[in-house]
Structures are given as structure tokens and as C-alpha cells.
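*Asks:* Annotations for this protein, taken from Swiss-Prot, read as follows:
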type: DOMAIN; residues: 29-208; note: domain 'BPL/LPL catalytic'
type: BINDING; residues: 67, 68, 69, 70, 71, 72, 73, 74, 138, 139, 140, 151, 152, 153; note: substrate binding site
type: SITE; residues: 135; note: site 'Lowers pKa of active site Cys'
type: ACT_SITE; residues: 169; note: active site, acyl-thioester intermediate
């Protein structure tokens, strides 16, 4: 079972505190696996591998966080998800990231956007021959006591100019895009949210030893 908490625009520090609360409850088995879905006011956050040259050059504040990955931006028009999920042993961090990617690739497909994984790069991408790869969703996670924190940010209709002040995710040869840019119309967070709920419910939770083994028909996704 995957539960959801739906919020509007929440300051980053407030959402981070809520993540920690839910994480402690999930570790103690007091709640089911739970995903926060929300937006943030404009903010830069830097993962543990962020280099100085990747930070904004104009002195814009950056919040250091305990997730993997590098620097990114969050803000209105971007649907942010924080899945708090207890993983089975042995812990498969890469598998967790891949399941998030698969869910978001499916969301993009639901809207008519062909998105893919790019080898060696986390997140969800749009690729075109002869053009730079364009990131449409960023992913950065942390696992503590077998339970995940942080998650993903899917660009619906944000102001992409914020990304020009940084080296997003430490990738100077890549660009950032959104569902609205790719489709040529305004794609809102409200439109995308139910699709994300459906696809996370379908893909996110890992198989556990007690789960029913699916038939070949139900496993063909």
C-alpha cells in the first residue's frame, strides 16, 4: 500500500521536517509507505556531491541537504514528490531510483511525451538526435534505516530561467525542459498530479518476499 499526502506550496524546510517525521514513523512501522506531493517556493538545494562552481554566481542562498546528487532548483510549476518507503533487505538503492524513473517515464507517456533513461545519468530525459539531452525530472534520494527520503521533481510549467544560474545536477552539457515546453501548451501541476499518483502506485513499491508472485500477463509492463 502506498499512501499520499497532498499539499500545496510548502517552504522547503517545512517539507523537510515533515519528511523526517514520516521517516521516523515508517521506520517504526506506525504508518504505511507514504509519498508527499507538493510544490516549493523558489529554492536551490545542494546534495552532498555539489561542487562550488555549480552554485549560483549571484549569491542566491542554497540549502544543503543530505540526499545524493548535486545542486538543483525547486519552485512553482514543479511537482515534487518525497516517497518515504521501507525497502526490503538486501537494500537496492539503484532499484528504488529506477522505479521512480519508470513511474515518471510512464507519466510523460500518458501526456504524449517520449521520455527515457540516459545511461550514467539519473532522472528522466528527453533526447533528440544532434541536440543536448534535456532533463524533465530530477531524482535524488537518501536511505536511512532501510527507509527512503527525498525523491523527485517533475517539471510541469516552471520558470526554467532559474536553472540558468546554476549547473543543474552538475551536468554542464545538458539542458532542462518541462512538459509545457515539450508539448507546446500549459501543463499544470494539477493536471499531472493524478497521473503521478496512479503511476507511483503502479511502479514504486518493491517486491517483497511475502508479495504474490505475478503471472506472466500481470508482470508484462
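Cβ from N, Cα, C; glycine included.
What you are looking at is a predicted structure, and each value in this text was computed from that prediction instead of being measured.
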*Asks:* Just counting, how many other CB atoms are there within 10 A of the CB of residue 69 (substrate binding site)?
*Replies:* 22
*Asks:* Including all protein chains displayed, how many Cβ atoms other than that of residue 140 (substrate binding site) lie within 10 Å of its Cβ?
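*Replies:* So the Cβ neighbour count for residue 140 (substrate binding site) comes to 23.
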*Asks:* Looking only at the domain 'BPL/LPL catalytic' (29-208), what is the mean pLDDT?
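*Replies:* It averages 90.
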*Asks:* Measuring Cα to Cα, how far is residue 135 (site 'Lowers pKa of active site Cys') from residue 152 (substrate binding site) in Å?
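*Replies:* Roughly 12 Å, rounded to the nearest whole number.
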*Asks:* Across all chains shown, how many C-beta atoms besides its own are within 10 angstroms of the C-beta of residue 71 (substrate binding site)?
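*Replies:* Looking across every protein chain shown, the total is 24.
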*Asks:* Are there any residues at least 6 positions away along the chain from residue 152 (substrate binding site) with a Cβ closer than 8 Å to its Cβ? List them or say none.
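*Replies:* Set apart from residue 152 (substrate binding site) by at least 6 residues yet with Cβ under 8 Å, we have 80, 81, 100, 104, 137, 138, 139.
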*Asks:* Work out the three-state DSSP category of residue 73 (substrate binding site).
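*Replies:* Looking at the DSSP assignment, residue 73 (substrate binding site) belongs to a strand.
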*Asks:* Around residue 67 (substrate binding site), how many other C-beta atoms are within 10 angstroms of its C-beta?
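*Replies:* For residue 67 (substrate binding site), the 10 Å Cβ neighbour count is 19.
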